[in-house]
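These notes concern the structure reproduced below.
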Ligand SMILES: N[C@H](CCC[C@H](N)C(=O)O)C(=O)O
């Protein structure tokens with residue numbers, strides 16, 4: 001059986017995208033891990049399966065699987081690549097696309113300049129985590145196994161994130177702290193770990209150690225999480241330029257009960273097929 005796919009990327013966060021509207025594909029967790037491998041497989045950070053809508057008010061449903069084969073509920077860069085994919089494949093010809101995921105309903109806009117804007121929904125906080133007037137002392141703190149205390153803000157964009165501020169992004173302990181915190185007991189479902197250097201109230205640098213994929217060149221939901229936490233800490237404005245290793249996203253959030261919007265690129269790399 002031939003499976004056709006597209007390789008897509010958003011700021012270097014890369015995806016295998018499969019049209020499961022005209023195909024009918026499902027992979028086991030082990031198969032996804034094998035396909036994700038950059039030496040023995042196709043290589044990707046996440047697999048995206050595009051399906052017919054589950055609800056009549058949506059154009060599509062899409063499922064997201066990390067490189068370790070786990071299914072998750074949100075992927076910001078993946079949402080932009082999904083929108084580009086369904087247009088490229090002629091599965092839709094509208095610029096506004098409504099898609100369902102496990103996190104709920106999202107609205108995507110293909111912009112005239114080729115970028116894609118995603119309404120990422122409202123950030124979710126556990127009541128005790130981030131009080132309205134959060135500051136560093138009130139934010140969630142996490143005790144690292146070796147008893148160092150790290151102040152993190154915790155927020156969900158449909159997937160869990162914890163964000164810490166660092167002085168110098170190049171020196172951030174992503175390789176050591178990332179694997180520790182990604183499975184910290186404070187986050188029973190695991191967590192995506194963001195390392196944010198604040199350059200100005202409207203400009204940050206960010207690196208993210210992703211749950212299920214490790215450090216990626218960009219994390220769209222991580223950029224949203226960092227912008228939200230930075231604003232709650234009184235250090236960022238409502239529109240933030242987020243420079244990730246793979247490139248730049250623009251994140252907008254007007255505060256508490258408003259939605260987060262993310263704008264960035266989505267690129268097609270190549271089409272391929274595999275035999276199963
Ligand atoms: N690793 C994430 C999913 C992918 C998120 C990221 N690639 C993005 O662009 O938001 C998680 O386990 O929640």
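Using the three backbone atoms N, Cα and C, a Cβ is placed for every residue, glycine included.
Sequence annotations record features per position, and here TrEMBL assigns substrate binding site to 13, 46, 66, 76, 77, 159, 192, 210, 211, 220, 221. Look at residue 192 (substrate binding site): DSSP puts it in a strand. Within the same chain, the residues at least 6 positions away from residue 192 (substrate binding site) whose Cβ sits under 8 Å from its Cβ are 159, 160, 161, 162, 182, 208, 209, 210, 211, 219, 221, 222, 225, listed in sequence order.
The active site, proton donor annotation in TrEMBL covers 75. The Cβ neighbour count for residue 75 (active site, proton donor), using a 10 Å radius and every protein chain shown, is 32.
The active site annotation in TrEMBL covers 75.
Residues or ranges marked as active site, proton acceptor in TrEMBL: 219. A sphere of 10 angstroms centred on the C-beta of residue 219 (active site, proton acceptor) encloses 34 other C-beta atoms.
For 270, the entry in TrEMBL reads site 'Important for dimerization'. According to DSSP, residue 270 (site 'Important for dimerization') is assigned to a strand segment. Around the Cβ of residue 270 (site 'Important for dimerization'), a 10 Å sphere holds 8 further Cβ atoms from the protein chains shown.
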Query: Which recorded positions, if any, among 75, 219, 270 have a Cβ under 6 Å from ligand 1, given in order along the chain?
result: 75, 219
Task: For residue 221 (substrate binding site), just give me the three-state DSSP call.
output: helix
Message: Please give the substrate site's span as the largest CA-CA distance among 13, 46, 66, 76, 77, 159, 192, 210, 211, 220, 221, to the nearest whole angstrom.
response: 16
Task: Indicate the candidate from 66, 77, 221 with the smallest number of other Cβ atoms within 10 Å of its Cβ, considering only these binding-site residues.
output: 66
- prompt: residue 75 (active site, proton donor) to residue 66 (substrate binding site): how many Å between their Cα atoms?
  reply: 10
Field: CB-centroid shell, 8 A cutoff, substrate site 13, 46, 66, 76, 77, 159, 192, 210, 211, 220, 221, site residues removed
entry: 45, 72, 74, 75, 78, 208, 213, 216, 219, 222
